[in-house]
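**Q** I have a structure I would like to understand better, so I am pasting it below and will then ask my questions one at a time.
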Amino acid sequence: MIKNAIKKVVSGQHLSEEEAGAVMEQIMEGGASPAQIASLLTAMRLKGETVDEITGFARVMRQKSTRVKSKHPVLVDTCGTGGDGAGTFNISTAAAFVVAGAGVPVAKHGNRSVSSRCGSADVLEELGVRVDLDREAVEECLNMVGMAFLFAPLLHRSMGYVAGPRREIGIRTVFNILGPLTNPAGANAQVLGVYSPFLAEMLAKVLARLGVSRAFVVHGAGGLDEISLAGPSILCEVRNGSVRRGLLDPARFGFRYAPVSVLAGGTPRENAAIALKILEGERGARRDVVVLNAALGLVAGGKARNIAEGLEIAALSIDSGLAVAKLRELVEFTGNLSCGEAAVR
């Protein structure tokens, strides 16, 4: 299958969703050589991936993941693509605690640093959260705490087949955008930040195809894969299978514009300190951007009827102490798990 797919893509033709899924199945089962995988990924990058192709890949990757079960009817994920090169602190990770603090269950999917100095797993570890949990421990955490971190390398074992080819070709491929589309807990509400404005509507259409109930796919002013304060951000809303594209202007909600530079992060320790200060109530542009992004998560999760109400609830989550309390609860719960509940690295 993969040989035919390579020939088709090299000739400039697109794969159907079914063809892409069949190729992904072959890759995820170890049936493709590293050279074939590298050739396909490079050819797809040069041609440009389509909604059909990304959907086919994501659907199979979801099926091959280690599935995490939850008692919650609604789960929010705030995982973005990364790759914006802006070097900001971990905005979506801080926003996840604000959403969870407001009572909306969060299944935060993420990894260690790939395209930045600090990934979500890195900053969570600095905050004291244990991330190396097996499926049963993640499920218990999600059901008891109402928030859990889903560490991608432990829940997407089949991705090991593509790690070598991706590393060796050293270019951005479709796999750079599959992570946020393949939450192992099947999160049905999302805030997904993308590094390119071109990807916003495309990935929104993919989420709609995959059956996500409510989502916002965003590309921030200044090139961020988050809603930013630098100006109006692209906002694509997924709702009931349809996609609506628009802009979110922070000034409309009373926020002052601020350059991306004021959101600068650093090492995992520095980013953890920034996140903790925000959750403890420090005011300023960094809090504002977290509240904005959390508001979208609250709307997607059904807690807020609109962005304005989401902003009020997000601010209350911080000011009431509930957001930082959720962090402390997660730290305590994961720290008390027995060694047997940690996955082998």
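Start at 1 and count along the chain as shown; that gives each residue its number.
Cβ coordinates are placed from backbone N, Cα and C, and glycine is handled just like the others.
Annotations for this protein, taken from Swiss-Prot, read as follows:
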type: BINDING; residues: G80, 83-84, T88, 90-93, 108-116, S120; note: 5-phospho-alpha-D-ribose 1-diphosphate binding site
type: BINDING; residues: G80, N111; note: anthranilate 1 binding site
type: BINDING; residues: S92, E226; note: Mg(2+) 1 binding site
type: BINDING; residues: R166; note: anthranilate 2 binding site
type: BINDING; residues: D225, E226; note: Mg(2+) 2 binding site
**Q** Tell me which residues of the chain lie with their Cβ under 8 angstroms from that of E226 (Mg(2+) 1 binding site), as long as they are six or more apart in sequence?
**A** G80, T88, I91, S92, G193, V218, G220, V289, N293
**Q** Under 8 Å Cβ to Cβ from R166 (anthranilate 2 binding site), same chain, six or more residues apart: give me those in sequence order, or none if nothing qualifies.
**A** L41, T173, F175
**Q** Could you say which of the binding-site residues S92, N111 has its Cβ with the most other Cβ atoms inside 10 Å?
**A** S92
**Q** Using the alpha carbons only, what distance in Å do you get between D225 (Mg(2+) 2 binding site) and R112 (5-phospho-alpha-D-ribose 1-diphosphate binding site) once rounded?
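**A** Just about 17 Å between their Cα atoms.
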**Q** Counting Cβ neighbours within 10 Å across all chains shown, tell me which of the binding-site residues H109, R112 comes out on top.
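**A** Output for this query is H109.
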